[in-house]
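Straight from TrEMBL, the features:
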{"type": "ACT_SITE", "residues": "Y443", "note": "active site, proton donor/acceptor"}
{"type": "BINDING", "residues": "125-131, 207-210, 258-264", "note": "FAD binding site"}
{"type": "BINDING", "residues": "R386", "note": "substrate binding site"}
{"type": "DOMAIN", "residues": "93-274", "note": "domain 'FAD-binding PCMH-type'"}
{"type": "SITE", "residues": "R309", "note": "site 'Important for enzyme activity'"}
Amino acid sequence: MKWDAWGDPALAKELSADIKGLLAAALGVTGDAAPGPSADEVVLHPSRLSAEDLDALAGAVGKEHVSAADADRLPRAGGKSTPDLLRRRSREAQDAPDAVVLPGSEQEVAAVLAVCAERRIAVVPFGGGTSVVGGLDPERGGLAAVVSLDLRRFDQLLDLDETSGEAVLGAGLTGPAAEELLAERGWELGHYPQSFRYATIGGFAATRSSGQDSAGYGRFDEMVRGLRVVTPAGVLDLGRAPASAAGPDLRQLFLGSEGTLGVITAVRLRVHPLPAVKAYEAWSFPDFATGTAALRAVEQQGTGPTVIRLSDEAETMINLAMTEQIGGAPAVSGCLAVTVFEGAAAQVAARQQLTRDALLAAGGTSLGEGPARAWEHGRFSAPYLRDSLLAAGALCETLETAASWSRLPALRAAVTEALTGALPGSLVLCHVSHVYPTGASLYFTVVAALGEDPLTRWGAAKRAAGDAILRTGGTISHHHAVGADHRPWMTEEIGDLGVRILRAVKAELDPAGILNPGKLIP
Ligand SMILES: Cc1cc2nc3c(=O)[nH]c(=O)nc-3n(C[C@H](O)[C@H](O)[C@H](O)COP(=O)(O)OP(=O)(O)OC[C@H]3O[C@@H](n4cnc5c(N)ncnc54)[C@H](O)[C@@H]3O)c2cc1C
(Lines of atoms letter the chains of each structure in order from A and count residues from 1; the text may use other names and numbers.)
(Lines give C-alpha, C1' and ligand atoms only; values in the text may rest on other atoms or scores of the structure.)
Protein backbone atom coordinates (compact mmCIF):
# COMPACT_ATOMS: atom_id res chain seq x y z
CA MET A 1 0.00 0.00 0.00
CA LYS A 2 1.35 3.44 -0.92
CA TRP A 3 1.83 5.87 1.98
CA ASP A 4 0.25 8.84 0.17
CA ALA A 5 -2.26 7.18 -2.18
CA TRP A 6 -4.20 3.98 -2.75
CA GLY A 7 -2.78 0.56 -3.34
CA ASP A 8 -0.33 -0.61 -5.94
CA PRO A 9 1.56 2.22 -7.72
CA ALA A 10 1.63 0.12 -10.90
CA LEU A 11 -2.17 0.34 -11.18
CA ALA A 12 -2.45 4.14 -10.87
CA LYS A 13 -3.49 5.80 -14.13
CA GLU A 14 -3.48 9.40 -15.32
CA LEU A 15 -6.88 10.78 -16.29
CA SER A 16 -7.65 10.86 -20.01
CA ALA A 17 -7.83 14.21 -21.82
CA ASP A 18 -11.61 13.61 -22.15
CA ILE A 19 -12.11 13.34 -18.39
CA LYS A 20 -9.89 16.36 -17.77
CA GLY A 21 -11.99 18.29 -20.28
CA LEU A 22 -15.15 17.21 -18.47
CA LEU A 23 -13.74 18.30 -15.10
CA ALA A 24 -12.84 21.71 -16.49
CA ALA A 25 -16.25 22.20 -18.12
CA ALA A 26 -18.44 20.81 -15.33
CA LEU A 27 -16.51 21.74 -12.17
CA GLY A 28 -14.12 24.49 -13.18
CA VAL A 29 -11.07 22.36 -12.41
CA THR A 30 -8.15 24.38 -13.70
CA GLY A 31 -4.86 22.56 -13.95
CA ASP A 32 -3.10 19.83 -12.01
CA ALA A 33 -2.55 20.10 -8.24
CA ALA A 34 0.96 20.90 -7.00
CA PRO A 35 2.65 17.55 -6.35
CA GLY A 36 3.15 16.56 -2.73
CA PRO A 37 6.53 15.73 -1.21
CA SER A 38 8.26 12.42 -1.87
CA ALA A 39 8.62 10.08 1.11
CA ASP A 40 12.22 11.30 1.57
CA GLU A 41 11.07 14.92 1.65
CA VAL A 42 8.35 14.45 4.27
CA VAL A 43 9.30 15.82 7.66
CA LEU A 44 7.86 13.97 10.67
CA HIS A 45 7.81 15.33 14.20
CA PRO A 46 10.55 13.42 16.04
CA SER A 47 9.56 10.34 18.05
CA ARG A 48 8.70 11.18 21.64
CA LEU A 49 9.72 7.77 22.97
CA SER A 50 12.81 7.54 25.16
CA ALA A 51 15.47 4.85 24.73
CA GLU A 52 14.03 3.22 27.90
CA ASP A 53 10.53 3.16 26.38
CA LEU A 54 11.86 1.51 23.22
CA ASP A 55 13.80 -1.04 25.30
CA ALA A 56 10.67 -1.88 27.28
CA LEU A 57 8.67 -2.37 24.06
CA ALA A 58 11.49 -4.49 22.63
CA GLY A 59 11.31 -6.55 25.82
CA ALA A 60 7.66 -7.28 25.00
CA VAL A 61 7.95 -8.22 21.31
CA GLY A 62 11.66 -8.54 20.46
CA LYS A 63 13.94 -5.76 19.20
CA GLU A 64 13.32 -6.61 15.54
CA HIS A 65 9.60 -5.94 15.98
CA VAL A 66 9.87 -2.35 17.22
CA SER A 67 10.83 0.54 14.99
CA ALA A 68 11.00 4.29 15.50
CA ALA A 69 12.33 4.84 11.96
CA ASP A 70 10.50 7.46 9.88
CA ALA A 71 10.18 4.93 7.03
CA ASP A 72 8.00 2.76 9.31
CA ARG A 73 6.18 5.59 11.07
CA LEU A 74 5.08 7.43 7.91
CA PRO A 75 2.92 4.63 6.41
CA ARG A 76 1.05 4.39 9.75
CA ALA A 77 0.52 8.17 10.10
CA GLY A 78 -3.18 7.88 9.25
CA GLY A 79 -5.75 6.15 7.11
CA LYS A 80 -6.87 6.66 3.53
CA SER A 81 -9.61 9.29 3.58
CA THR A 82 -9.19 12.22 1.21
CA PRO A 83 -8.27 14.50 4.16
CA ASP A 84 -5.61 11.91 5.11
CA LEU A 85 -4.19 12.03 1.59
CA LEU A 86 -4.24 15.85 1.59
CA ARG A 87 -2.44 15.91 4.94
CA ARG A 88 0.25 13.59 3.55
CA ARG A 89 0.89 16.21 0.82
CA SER A 90 1.88 18.82 3.38
CA ARG A 91 5.45 20.08 3.40
CA GLU A 92 5.05 21.20 7.04
CA ALA A 93 6.13 18.76 9.78
CA GLN A 94 3.58 15.94 10.00
CA ASP A 95 2.45 13.93 12.99
CA ALA A 96 2.99 10.15 13.08
CA PRO A 97 3.07 7.42 15.70
CA ASP A 98 6.24 7.58 17.78
CA ALA A 99 7.03 3.93 16.97
CA VAL A 100 5.59 0.89 15.27
CA VAL A 101 5.26 -2.32 17.28
CA LEU A 102 4.52 -5.71 15.70
CA PRO A 103 3.45 -8.32 18.24
CA GLY A 104 3.29 -11.97 17.15
CA SER A 105 1.12 -13.53 19.87
CA GLU A 106 -1.61 -12.63 22.34
CA GLN A 107 0.96 -12.76 25.14
CA GLU A 108 3.01 -10.17 23.28
CA VAL A 109 -0.04 -7.94 22.76
CA ALA A 110 -0.79 -8.16 26.49
CA ALA A 111 2.85 -7.37 27.31
CA VAL A 112 2.82 -4.30 24.99
CA LEU A 113 -0.40 -3.05 26.61
CA ALA A 114 1.16 -3.47 30.07
CA VAL A 115 4.30 -1.53 29.06
CA CYS A 116 2.17 1.21 27.51
CA ALA A 117 -0.13 1.51 30.53
CA GLU A 118 2.88 1.79 32.84
CA ARG A 119 4.71 4.32 30.65
CA ARG A 120 1.63 6.32 29.61
CA ILE A 121 1.87 5.51 25.93
CA ALA A 122 -1.25 5.46 23.74
CA VAL A 123 -1.80 2.47 21.44
CA VAL A 124 -3.47 2.64 18.02
CA PRO A 125 -4.26 -0.86 16.69
CA PHE A 126 -3.40 -0.94 12.97
CA GLY A 127 -4.89 -3.43 10.50
CA GLY A 128 -4.71 -2.61 6.80
CA GLY A 129 -4.56 1.16 7.30
CA THR A 130 -7.69 1.82 5.19
CA SER A 131 -9.74 3.77 7.74
CA VAL A 132 -11.57 6.70 6.16
CA VAL A 133 -12.77 8.27 9.42
CA GLY A 134 -9.54 9.23 11.17
CA GLY A 135 -9.54 5.92 13.09
CA LEU A 136 -5.74 5.72 12.90
CA ASP A 137 -4.87 9.32 13.75
CA PRO A 138 -1.80 9.24 16.02
CA GLU A 139 -3.64 10.84 18.96
CA ARG A 140 -1.83 10.81 22.28
CA GLY A 141 -4.89 11.80 24.33
CA GLY A 142 -2.79 13.61 26.93
CA LEU A 143 -0.37 10.69 27.28
CA ALA A 144 3.38 10.91 26.72
CA ALA A 145 3.54 9.21 23.31
CA VAL A 146 1.66 6.95 20.90
CA VAL A 147 2.58 3.70 19.15
CA SER A 148 1.01 1.97 16.17
CA LEU A 149 0.27 -1.66 17.04
CA ASP A 150 0.45 -3.42 13.70
CA LEU A 151 -1.41 -6.77 13.67
CA ARG A 152 0.09 -8.13 10.43
CA ARG A 153 1.79 -11.07 12.14
CA PHE A 154 -1.64 -12.52 13.06
CA ASP A 155 -1.86 -13.97 9.59
CA GLN A 156 -3.09 -17.54 9.86
CA LEU A 157 -6.14 -19.64 9.23
CA LEU A 158 -6.25 -21.04 12.75
CA ASP A 159 -9.11 -23.48 12.33
CA LEU A 160 -11.68 -24.61 9.78
CA ASP A 161 -14.67 -26.57 11.07
CA GLU A 162 -16.13 -27.92 7.84
CA THR A 163 -19.02 -29.58 9.65
CA SER A 164 -20.24 -26.34 11.17
CA GLY A 165 -19.06 -24.01 8.38
CA GLU A 166 -16.89 -21.91 10.70
CA ALA A 167 -13.33 -20.64 10.24
CA VAL A 168 -11.06 -18.94 12.76
CA LEU A 169 -8.95 -16.29 11.04
CA GLY A 170 -6.07 -14.23 12.39
CA ALA A 171 -6.89 -10.53 12.77
CA GLY A 172 -4.04 -9.39 10.54
CA LEU A 173 -5.04 -11.38 7.44
CA THR A 174 -5.97 -9.12 4.53
CA GLY A 175 -9.14 -9.88 2.56
CA PRO A 176 -7.29 -11.64 -0.31
CA ALA A 177 -5.00 -13.58 2.06
CA ALA A 178 -8.00 -14.84 4.05
CA GLU A 179 -9.92 -15.83 0.91
CA GLU A 180 -6.89 -17.63 -0.54
CA LEU A 181 -6.41 -19.71 2.62
CA LEU A 182 -10.11 -20.61 2.63
CA ALA A 183 -10.29 -21.28 -1.13
CA GLU A 184 -7.45 -23.82 -0.85
CA ARG A 185 -9.90 -25.86 1.24
CA GLY A 186 -12.96 -25.11 -0.94
CA TRP A 187 -14.48 -22.39 1.27
CA GLU A 188 -15.20 -18.67 1.03
CA LEU A 189 -15.98 -15.87 3.46
CA GLY A 190 -17.57 -13.57 0.86
CA HIS A 191 -16.70 -10.20 2.40
CA TYR A 192 -15.77 -7.84 -0.45
CA PRO A 193 -15.68 -4.18 0.58
CA GLN A 194 -14.10 -1.84 -1.95
CA SER A 195 -11.01 -1.82 0.32
CA PHE A 196 -10.88 -5.66 0.18
CA ARG A 197 -7.34 -5.89 -1.17
CA TYR A 198 -5.74 -4.19 1.84
CA ALA A 199 -8.14 -4.19 4.80
CA THR A 200 -7.91 -6.93 7.44
CA ILE A 201 -10.13 -9.35 9.34
CA GLY A 202 -9.49 -7.47 12.61
CA GLY A 203 -10.22 -4.14 10.93
CA PHE A 204 -13.49 -5.47 9.46
CA ALA A 205 -14.62 -6.55 12.92
CA ALA A 206 -13.41 -3.39 14.65
CA THR A 207 -15.34 -1.16 12.22
CA ARG A 208 -18.47 -3.27 11.49
CA SER A 209 -17.57 -3.27 7.84
CA SER A 210 -20.04 -4.11 5.09
CA GLY A 211 -19.03 -5.66 1.76
CA GLN A 212 -20.53 -5.47 -1.71
CA ASP A 213 -22.03 -8.98 -1.33
CA SER A 214 -23.88 -7.99 1.82
CA ALA A 215 -27.30 -8.83 0.34
CA GLY A 216 -26.22 -12.46 0.07
CA TYR A 217 -23.69 -13.03 2.82
CA GLY A 218 -24.53 -10.25 5.26
CA ARG A 219 -22.42 -7.53 6.83
CA PHE A 220 -19.15 -8.56 8.44
CA ASP A 221 -20.63 -8.27 11.94
CA GLU A 222 -23.35 -10.73 10.89
CA MET A 223 -20.69 -13.25 9.84
CA VAL A 224 -18.90 -13.12 13.20
CA ARG A 225 -19.47 -16.11 15.46
CA GLY A 226 -16.70 -15.46 17.96
CA LEU A 227 -13.88 -13.08 18.86
CA ARG A 228 -10.68 -13.17 20.87
CA VAL A 229 -9.79 -9.80 22.34
CA VAL A 230 -6.79 -8.75 24.42
CA THR A 231 -7.56 -5.82 26.72
CA PRO A 232 -5.39 -4.17 29.39
CA ALA A 233 -7.67 -5.89 31.94
CA GLY A 234 -7.38 -9.41 30.47
CA VAL A 235 -8.28 -11.62 27.53
CA LEU A 236 -11.85 -12.28 26.35
CA ASP A 237 -12.96 -15.27 24.29
CA LEU A 238 -16.51 -14.47 23.20
CA GLY A 239 -19.13 -16.44 21.28
CA ARG A 240 -19.67 -19.97 22.55
CA ALA A 241 -22.61 -21.30 20.53
CA PRO A 242 -24.48 -20.39 17.31
CA ALA A 243 -27.07 -18.63 19.44
CA SER A 244 -27.36 -17.96 23.13
CA ALA A 245 -29.73 -16.52 25.73
CA ALA A 246 -26.93 -16.12 28.28
CA GLY A 247 -27.41 -12.42 28.78
CA PRO A 248 -26.45 -9.53 26.48
CA ASP A 249 -24.18 -10.51 23.60
CA LEU A 250 -20.76 -9.17 24.59
CA ARG A 251 -19.38 -9.71 21.09
CA GLN A 252 -21.40 -6.66 20.11
CA LEU A 253 -19.31 -4.52 22.44
CA PHE A 254 -16.19 -5.28 20.43
CA LEU A 255 -17.71 -5.26 16.96
CA GLY A 256 -17.32 -1.59 16.06
CA SER A 257 -15.11 -0.82 19.07
CA GLU A 258 -12.42 0.61 16.74
CA GLY A 259 -9.48 -0.29 18.93
CA THR A 260 -10.79 1.68 21.91
CA LEU A 261 -11.70 -1.30 24.13
CA GLY A 262 -9.26 -4.03 23.16
CA VAL A 263 -7.13 -5.60 20.47
CA ILE A 264 -8.91 -8.24 18.38
CA THR A 265 -6.48 -11.07 17.64
CA ALA A 266 -8.71 -13.72 16.00
CA VAL A 267 -12.24 -13.88 14.62
CA ARG A 268 -14.42 -16.99 14.21
CA LEU A 269 -16.55 -16.53 11.10
CA ARG A 270 -19.38 -18.20 9.27
CA VAL A 271 -18.05 -19.42 5.89
CA HIS A 272 -19.71 -21.17 2.92
CA PRO A 273 -18.51 -23.56 0.21
CA LEU A 274 -17.07 -21.77 -2.85
CA PRO A 275 -20.07 -21.04 -5.09
CA ALA A 276 -20.49 -23.43 -8.02
CA VAL A 277 -22.14 -20.89 -10.28
CA LYS A 278 -22.36 -17.12 -10.69
CA ALA A 279 -25.02 -15.29 -12.70
CA TYR A 280 -25.14 -11.59 -13.62
CA GLU A 281 -27.93 -9.30 -14.72
CA ALA A 282 -28.00 -5.52 -15.01
CA TRP A 283 -31.11 -3.36 -15.07
CA SER A 284 -32.13 0.14 -15.88
CA PHE A 285 -34.81 2.14 -14.11
CA PRO A 286 -36.32 5.41 -15.34
CA ASP A 287 -35.37 7.24 -12.13
CA PHE A 288 -33.85 6.71 -8.68
CA ALA A 289 -37.19 6.59 -6.84
CA THR A 290 -38.47 3.78 -9.09
CA GLY A 291 -35.18 1.91 -8.73
CA THR A 292 -35.16 2.28 -4.95
CA ALA A 293 -38.72 0.94 -4.73
CA ALA A 294 -37.63 -2.03 -6.87
CA LEU A 295 -34.70 -2.85 -4.56
CA ARG A 296 -37.07 -2.61 -1.61
CA ALA A 297 -39.45 -5.07 -3.26
CA VAL A 298 -36.61 -7.54 -3.88
CA GLU A 299 -35.34 -7.31 -0.31
CA GLN A 300 -38.77 -7.44 1.32
CA GLN A 301 -39.81 -10.42 -0.82
CA GLY A 302 -36.48 -12.11 -0.05
CA THR A 303 -35.74 -13.16 -3.62
CA GLY A 304 -32.08 -13.65 -2.74
CA PRO A 305 -29.54 -11.78 -4.88
CA THR A 306 -25.96 -11.96 -3.60
CA VAL A 307 -25.26 -8.41 -4.83
CA ILE A 308 -27.84 -5.74 -5.54
CA ARG A 309 -27.01 -2.09 -6.04
CA LEU A 310 -28.50 0.96 -7.71
CA SER A 311 -26.76 4.08 -9.04
CA ASP A 312 -28.56 7.39 -9.30
CA GLU A 313 -28.91 9.24 -12.59
CA ALA A 314 -25.63 11.16 -12.22
CA GLU A 315 -23.58 8.07 -11.30
CA THR A 316 -25.14 6.22 -14.21
CA MET A 317 -24.46 9.06 -16.64
CA ILE A 318 -20.72 9.13 -15.93
CA ASN A 319 -20.50 5.29 -15.79
CA LEU A 320 -19.16 5.46 -12.21
CA ALA A 321 -20.27 1.89 -11.51
CA MET A 322 -18.25 0.69 -14.52
CA THR A 323 -14.87 2.16 -13.66
CA GLU A 324 -13.20 1.29 -16.98
CA GLN A 325 -15.81 3.29 -18.91
CA ILE A 326 -15.81 6.48 -16.83
CA GLY A 327 -15.71 9.57 -18.99
CA GLY A 328 -16.95 7.71 -22.07
CA ALA A 329 -20.41 8.10 -23.58
CA PRO A 330 -23.14 7.07 -21.09
CA ALA A 331 -23.54 3.30 -21.41
CA VAL A 332 -26.96 3.14 -19.74
CA SER A 333 -29.80 5.64 -19.51
CA GLY A 334 -31.80 6.36 -16.35
CA CYS A 335 -30.45 4.54 -13.30
CA LEU A 336 -28.27 1.44 -13.51
CA ALA A 337 -28.87 -1.48 -11.13
CA VAL A 338 -26.60 -4.51 -10.86
CA THR A 339 -27.57 -7.96 -9.60
CA VAL A 340 -25.28 -10.95 -9.05
CA PHE A 341 -26.28 -14.40 -7.83
CA GLU A 342 -23.96 -17.06 -6.38
CA GLY A 343 -24.51 -20.62 -5.22
CA ALA A 344 -25.58 -23.98 -6.60
CA ALA A 345 -26.85 -23.87 -10.21
CA ALA A 346 -30.53 -24.68 -9.62
CA GLN A 347 -30.73 -22.36 -6.66
CA VAL A 348 -29.08 -19.49 -8.54
CA ALA A 349 -31.49 -19.90 -11.46
CA ALA A 350 -34.50 -19.87 -9.12
CA ARG A 351 -33.31 -16.81 -7.17
CA GLN A 352 -32.48 -14.94 -10.37
CA GLN A 353 -35.93 -15.64 -11.80
CA LEU A 354 -37.70 -14.47 -8.64
CA THR A 355 -35.56 -11.31 -8.57
CA ARG A 356 -36.18 -10.71 -12.28
CA ASP A 357 -39.95 -10.99 -11.73
CA ALA A 358 -39.81 -8.48 -8.89
CA LEU A 359 -37.64 -6.00 -10.83
CA LEU A 360 -39.78 -6.23 -13.97
CA ALA A 361 -42.93 -5.69 -11.95
CA ALA A 362 -41.32 -2.64 -10.36
CA GLY A 363 -40.59 -0.99 -13.71
CA GLY A 364 -37.09 -2.26 -14.54
CA THR A 365 -35.69 -3.11 -17.97
CA SER A 366 -33.16 -5.91 -18.20
CA LEU A 367 -29.82 -4.98 -19.81
CA GLY A 368 -28.43 -8.51 -19.78
CA GLU A 369 -25.15 -9.44 -18.12
CA GLY A 370 -22.73 -6.92 -19.71
CA PRO A 371 -22.91 -3.93 -17.33
CA ALA A 372 -23.08 -6.24 -14.28
CA ARG A 373 -19.88 -8.00 -15.36
CA ALA A 374 -18.28 -4.61 -16.10
CA TRP A 375 -19.16 -3.48 -12.58
CA GLU A 376 -17.58 -6.59 -11.06
CA HIS A 377 -14.46 -6.27 -13.21
CA GLY A 378 -13.71 -2.73 -12.00
CA ARG A 379 -15.10 -2.99 -8.50
CA PHE A 380 -11.82 -2.54 -6.64
CA SER A 381 -10.39 0.09 -9.01
CA ALA A 382 -12.38 3.20 -8.07
CA PRO A 383 -9.96 4.26 -5.28
CA TYR A 384 -7.26 4.73 -7.93
CA LEU A 385 -9.55 7.17 -9.69
CA ARG A 386 -9.67 9.32 -6.56
CA ASP A 387 -5.86 9.62 -6.63
CA SER A 388 -5.89 10.55 -10.30
CA LEU A 389 -8.58 13.15 -9.62
CA LEU A 390 -6.56 14.66 -6.77
CA ALA A 391 -3.49 14.87 -9.00
CA ALA A 392 -5.60 16.58 -11.66
CA GLY A 393 -6.85 19.22 -9.20
CA ALA A 394 -10.20 17.71 -8.20
CA LEU A 395 -11.32 16.88 -4.67
CA CYS A 396 -13.16 13.57 -4.45
CA GLU A 397 -14.53 12.13 -1.22
CA THR A 398 -17.31 9.81 -0.15
CA LEU A 399 -19.65 9.52 2.82
CA GLU A 400 -22.39 7.08 3.70
CA THR A 401 -25.36 6.53 5.97
CA ALA A 402 -28.43 4.31 6.31
CA ALA A 403 -32.07 4.85 7.20
CA SER A 404 -35.44 3.18 6.93
CA TRP A 405 -36.96 3.08 3.43
CA SER A 406 -39.57 5.73 4.25
CA ARG A 407 -36.88 8.22 5.26
CA LEU A 408 -34.45 7.70 2.37
CA PRO A 409 -35.86 10.30 -0.07
CA ALA A 410 -35.74 13.17 2.45
CA LEU A 411 -32.34 12.02 3.70
CA ARG A 412 -30.87 11.95 0.21
CA ALA A 413 -32.27 15.39 -0.62
CA ALA A 414 -30.98 16.92 2.63
CA VAL A 415 -27.45 15.50 2.26
CA THR A 416 -27.22 16.53 -1.39
CA GLU A 417 -28.35 20.04 -0.50
CA ALA A 418 -25.90 20.24 2.40
CA LEU A 419 -22.98 19.16 0.22
CA THR A 420 -23.76 21.37 -2.75
CA GLY A 421 -24.47 24.29 -0.39
CA ALA A 422 -21.07 23.94 1.25
CA LEU A 423 -19.23 23.17 -2.00
CA PRO A 424 -20.99 25.27 -4.68
CA GLY A 425 -20.54 23.86 -8.16
CA SER A 426 -19.72 20.36 -6.89
CA LEU A 427 -21.10 17.16 -8.34
CA VAL A 428 -22.88 14.88 -5.83
CA LEU A 429 -23.51 11.27 -6.82
CA CYS A 430 -25.39 8.64 -4.86
CA HIS A 431 -25.96 4.89 -4.83
CA VAL A 432 -27.70 2.21 -2.79
CA SER A 433 -25.46 -0.80 -2.17
CA HIS A 434 -26.63 -2.42 1.08
CA VAL A 435 -30.29 -3.31 1.55
CA TYR A 436 -32.34 -4.62 4.47
CA PRO A 437 -36.03 -5.47 4.76
CA THR A 438 -36.66 -2.18 6.60
CA GLY A 439 -34.18 0.18 4.93
CA ALA A 440 -30.94 0.70 3.05
CA SER A 441 -27.68 2.60 3.02
CA LEU A 442 -27.02 5.63 0.84
CA TYR A 443 -23.47 6.21 -0.37
CA PHE A 444 -22.50 9.65 -1.65
CA THR A 445 -19.52 10.62 -3.80
CA VAL A 446 -18.64 14.29 -4.05
CA VAL A 447 -16.37 15.77 -6.71
CA ALA A 448 -15.36 19.44 -6.69
CA ALA A 449 -12.49 21.64 -7.78
CA LEU A 450 -9.66 21.31 -5.24
CA GLY A 451 -9.35 25.09 -4.95
CA GLU A 452 -7.85 26.90 -1.98
CA ASP A 453 -7.67 25.18 1.41
CA PRO A 454 -9.56 21.99 0.47
CA LEU A 455 -9.23 20.54 3.99
CA THR A 456 -11.20 23.40 5.54
CA ARG A 457 -13.76 23.44 2.74
CA TRP A 458 -14.29 19.68 2.95
CA GLY A 459 -14.53 19.95 6.77
CA ALA A 460 -17.41 22.41 6.41
CA ALA A 461 -19.16 20.18 3.84
CA LYS A 462 -18.74 17.13 6.04
CA ARG A 463 -20.21 18.98 9.05
CA ALA A 464 -23.20 20.13 7.00
CA ALA A 465 -23.76 16.60 5.65
CA GLY A 466 -23.40 14.98 9.09
CA ASP A 467 -25.93 17.40 10.58
CA ALA A 468 -28.33 16.74 7.68
CA ILE A 469 -28.00 12.97 8.19
CA LEU A 470 -28.86 13.10 11.89
CA ARG A 471 -31.65 15.63 11.32
CA THR A 472 -33.37 13.41 8.74
CA GLY A 473 -33.19 10.15 10.68
CA GLY A 474 -30.02 8.55 9.31
CA THR A 475 -27.09 7.05 11.16
CA ILE A 476 -23.76 8.86 11.11
CA SER A 477 -22.21 5.72 9.61
CA HIS A 478 -23.54 2.56 8.02
CA HIS A 479 -20.09 0.98 7.53
CA HIS A 480 -17.19 3.43 7.61
CA ALA A 481 -17.38 3.60 11.44
CA VAL A 482 -16.83 6.59 13.73
CA GLY A 483 -13.12 7.19 14.29
CA ALA A 484 -12.21 10.79 15.04
CA ASP A 485 -14.24 12.25 12.18
CA HIS A 486 -17.74 11.09 13.22
CA ARG A 487 -17.15 11.36 16.97
CA PRO A 488 -18.82 14.81 17.21
CA TRP A 489 -22.17 13.18 16.26
CA MET A 490 -21.97 10.21 18.64
CA THR A 491 -23.86 11.82 21.51
CA GLU A 492 -26.73 12.65 19.17
CA GLU A 493 -26.58 9.14 17.71
CA ILE A 494 -26.70 7.16 20.98
CA GLY A 495 -27.67 9.74 23.62
CA ASP A 496 -25.89 10.87 26.82
CA LEU A 497 -26.63 7.64 28.63
CA GLY A 498 -25.33 5.61 25.71
CA VAL A 499 -22.07 7.56 25.82
CA ARG A 500 -21.82 7.02 29.60
CA ILE A 501 -22.22 3.27 29.09
CA LEU A 502 -19.37 3.21 26.56
CA ARG A 503 -17.18 5.30 28.89
CA ALA A 504 -17.92 2.96 31.80
CA VAL A 505 -16.96 -0.10 29.76
CA LYS A 506 -13.77 1.61 28.65
CA ALA A 507 -12.89 2.58 32.23
CA GLU A 508 -13.23 -1.09 33.23
CA LEU A 509 -11.20 -2.54 30.36
CA ASP A 510 -8.70 0.27 29.80
CA PRO A 511 -8.34 2.19 33.06
CA ALA A 512 -5.20 4.03 31.90
CA GLY A 513 -7.01 5.18 28.74
CA ILE A 514 -4.24 4.00 26.42
CA LEU A 515 -6.40 2.40 23.70
CA ASN A 516 -6.95 4.60 20.64
CA PRO A 517 -7.75 7.89 22.44
CA GLY A 518 -9.85 10.46 20.62
CA LYS A 519 -11.79 7.88 18.61
CA LEU A 520 -15.39 6.68 18.77
CA ILE A 521 -16.25 7.61 22.39
CA PRO A 522 -16.93 11.33 22.99
C1 LIG B 1 -11.03 3.20 -0.94
C2 LIG B 1 -11.74 2.68 0.27
C3 LIG B 1 -12.88 1.92 0.12
C4 LIG B 1 -13.54 1.43 1.24
N5 LIG B 1 -14.65 0.66 1.05
C6 LIG B 1 -15.28 0.14 2.12
C7 LIG B 1 -16.41 -0.70 1.96
O8 LIG B 1 -16.83 -1.02 0.84
N9 LIG B 1 -17.01 -1.19 3.07
C10 LIG B 1 -16.54 -0.90 4.31
O11 LIG B 1 -17.09 -1.39 5.28
N12 LIG B 1 -15.49 -0.08 4.50
C13 LIG B 1 -14.84 0.44 3.45
N14 LIG B 1 -13.76 1.24 3.63
C15 LIG B 1 -13.32 1.59 5.00
C16 LIG B 1 -12.28 0.62 5.58
O17 LIG B 1 -11.68 -0.15 4.56
C18 LIG B 1 -12.93 -0.29 6.60
O19 LIG B 1 -13.26 0.49 7.73
C20 LIG B 1 -12.08 -1.48 7.03
O21 LIG B 1 -12.88 -2.34 7.79
C22 LIG B 1 -10.85 -1.11 7.82
O23 LIG B 1 -10.03 -2.26 7.94
P24 LIG B 1 -8.46 -2.12 8.15
O25 LIG B 1 -7.91 -3.47 8.38
O26 LIG B 1 -7.85 -1.33 7.08
O27 LIG B 1 -8.41 -1.32 9.52
P28 LIG B 1 -7.61 -0.01 9.87
O29 LIG B 1 -7.93 1.07 8.93
O30 LIG B 1 -6.19 -0.34 10.06
O31 LIG B 1 -8.27 0.33 11.28
C32 LIG B 1 -9.60 0.77 11.37
C33 LIG B 1 -9.99 0.94 12.85
O34 LIG B 1 -10.05 -0.34 13.47
C35 LIG B 1 -9.07 -0.45 14.50
N36 LIG B 1 -8.48 -1.78 14.38
C37 LIG B 1 -7.90 -2.33 13.27
N38 LIG B 1 -7.54 -3.59 13.53
C39 LIG B 1 -7.89 -3.85 14.82
C40 LIG B 1 -7.77 -4.99 15.67
N41 LIG B 1 -7.21 -6.12 15.26
N42 LIG B 1 -8.25 -4.89 16.93
C43 LIG B 1 -8.82 -3.75 17.38
N44 LIG B 1 -8.94 -2.64 16.62
C45 LIG B 1 -8.50 -2.70 15.35
C46 LIG B 1 -8.09 0.69 14.26
O47 LIG B 1 -7.48 1.12 15.45
C48 LIG B 1 -8.97 1.74 13.63
O49 LIG B 1 -9.66 2.46 14.62
C50 LIG B 1 -13.06 1.74 2.53
C51 LIG B 1 -11.89 2.49 2.67
C52 LIG B 1 -11.23 2.95 1.55
C53 LIG B 1 -9.98 3.73 1.72
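A Cβ is built for glycine as well, from the same backbone N, Cα and C atoms used for every other residue.
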Distance [Cα-Cα, Å, rounded] between G128 (FAD binding site) and R309 (site 'Important for enzyme activity'): 26
S209 (FAD binding site) CB neighbourhood, other CB atoms within 10 A: 26
Measuring Cα to Cα, how many angstrom lie between R309 (site 'Important for enzyme activity') and R386 (substrate binding site)? 21
Spatial separation of R386 (substrate binding site) from G262 (FAD binding site) - C-alpha basis, Å: 33
Under DSSP, is R386 (substrate binding site) helix, strand or coil? helix
What recorded positions among S131, R309, Y443 have a C-beta sitting less than 6 Å from any atom of ligand 1? S131
Neighbour tally for Y443 (active site, proton donor/acceptor), based on other Cβ positions within 10 Å of its Cβ: 23
For the C-alpha pair, I'd like the distance in angstrom between S131 (FAD binding site) and Y443 (active site, proton donor/acceptor), rounded off. 16
Is it possible to get the count of other C-beta atoms within 10 angstroms of the C-beta of G259 (FAD binding site)? 26
Y443 (active site, proton donor/acceptor) sits from S209 (FAD binding site) (Cα to Cα, rounded, in Å) at a distance of 14
Nearest recorded site to the residue listed as 'active site, proton donor/acceptor' by CA-CA distance, among binding-site residues P125, G259, R386: R386
In which DSSP state, out of helix, strand and coil, do we find S209 (FAD binding site)? coil
Looking only at the domain 'FAD-binding PCMH-type' (93-274), what is the mean pLDDT? 98
Neighbourhood of P125 (FAD binding site) by C-beta distance under 8 A, where only residues 6 or more apart in the same chain count: L149, L151, G202, A206, G259, V263, I264, L515, N516
Please give me the CB contact count at 10 A for G262 (FAD binding site), counting all chains in the structure. 27
